């Protein structure tokens, strides 16, 4: 028989309908379900695909460097980072008329270009790159790494180089190598780069391979390190009037604890950053020697887990059985990795704007907005994925005998209590927050704004005060100049930090009021409800009171026929599917809040946010409508401007989003009938009937149509907001 797609599933390959194609694509990466798969081959395939992933990442970053070097304006941007607009790449579009060519010719370019809102210019400048040649060199190096990764992936699929199953299951060795090798050594190497290349560059000294060994990064070299006088490395830091990239006001320190921001660049001190990375390297290099391998020293993770029995005996057998459960389940490991990565990505979003580490990026408002929004959305998708694979673990890999009465089993035993508590918290947050917003709306509508219910976030203000913010007059801990906490840190690091916290031009500890109180609770509602849906999906994945045998149906199933009182929409997949909508809406509130708060801060009219954010009409009118006006007017009978492309994307995003509903709110039979009518017409139309297809066309399954709908909803939603965000910010601030 001829080989048909998909080769990994003979059952699907013989399917006579178009289901073969769609199910083939859907299960292409579900290696576990493929014909003739063994546990060893599964691990080897995944391992090899990691190299492919790395190759793609290196190729992509290489492309960024290459296009900026070729078509960008890096060298002229460096001369004046605050006023020259950084160019991402040129645009060649045969549809452009003269007005379009003029509108998109910016940043000193000769023709139409795209502006970079990714922050790469600021990053490359901060780490010591200065010329187009530097960028080309970086691009070539990354291209080399990409090729190396591809070769590595291919090599590890060859019989001689395939790692064995025992190698993959050796958790202690992997942890040691990842902690020491991946995090420790790379952090140490990055500290080295900052000290040897980036910090000298920030002081006007150009260090490259040709003079790398001649230029001492510190006047006394390794002397202070070897004699134990480490504090010398912190002496004579850059002064507050230091001009970044020049010798003016430059010091000689390489590892400092200044705190706060460089006055000119509004970013963290490079010497503080180097110090931070050195500390991280130190911690991880030690951490990478903790676990017992073939040397017989260090901890055995299994022993650690088995020894952890909760006190009092009332919480079961603690972590017994967890080692084998985690080590033998790829889905459990992936779930843990995704949960960690999701949290880290969200933390990156929060820290990139509040503690900016790249020179001048804090004054590039559109880039700040784009990076915050980008990282929050990425975090949302990664976190929902963590719960998806947690649910798949419970269905495919969980063994009740191995986990008797341990924490996993007890989570399942207590799932009703967990789910109902989450439900109660979500209901409480939702009704109270909405109640306050709607009450305030009504008061404004009736012309009595003074009757709004406005709650000051006193606990959050108290926390900000404890960290040194004096605005609220709490006089506590670091905001109390006479207290022991304040005096203890004074010589060490406090002056820079306290100045930064109380300087109202940055995003560190923004002043908060009733509008912030309300939107924080709206976001808390979104987070708790998303979590409720995801946790319920995972805890009910194996079975529920309604459907005790759910695990036998797999991760995703539409229904189990008409019986049992209705078993549709209760697969773990359905929970994930619903949670993604909540995740997107929650991040919508998060990004609306962040963006509006910052727009008013940057424009110097914070009172607009403070006054309008306490009722829903304020959000709709003074944030969404007011800031989309330029977009809605992007191209009109009087010509076009550089926002036109965003106006088009705004419309296009709405279109994609709305298309999602066609798949989400429909029934399979309708499509099947429509498809058969279209196929009938096709077969009876001259010329068209010369083209035949081998597979009988059938409608998508219910689950597939939901996936397609969800994809359109998500992509359209994000496209629409991206266009709104970039256009409304760049339209105001350039």
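Placed from the backbone N, Cα and C atoms, the Cβ positions cover glycine too.
Looking at 135-158, 207-230, 231-254, the range tied to transmembrane segment in Swiss-Prot is 135-158. Swiss-Prot assigns the feature transmembrane segment to one of the listed ranges (620-642, 643-665), namely 643-665. When Swiss-Prot is compared with the stretches 369-395, 450-476, 477-503, the one noted as transmembrane segment is 369-395.
Minimal Cβ crowding within 10 Å, among the binding-site residues 670, 671, is found at 670.
Taking the Cβ of residue 662 (chlorophyll a B3 binding site) as reference, residues of its chain lying under 8 Å away and at least six apart in sequence are, in sequence order, 709. Within 10 Å of the Cβ of residue 559 ([4Fe-4S] cluster binding site) there are 15 other Cβ atoms, across all protein chains. In this structure, the CA atom of residue 568 ([4Fe-4S] cluster binding site) is 19 Å away from the CA atom of residue 670 (chlorophyll a B3 binding site).
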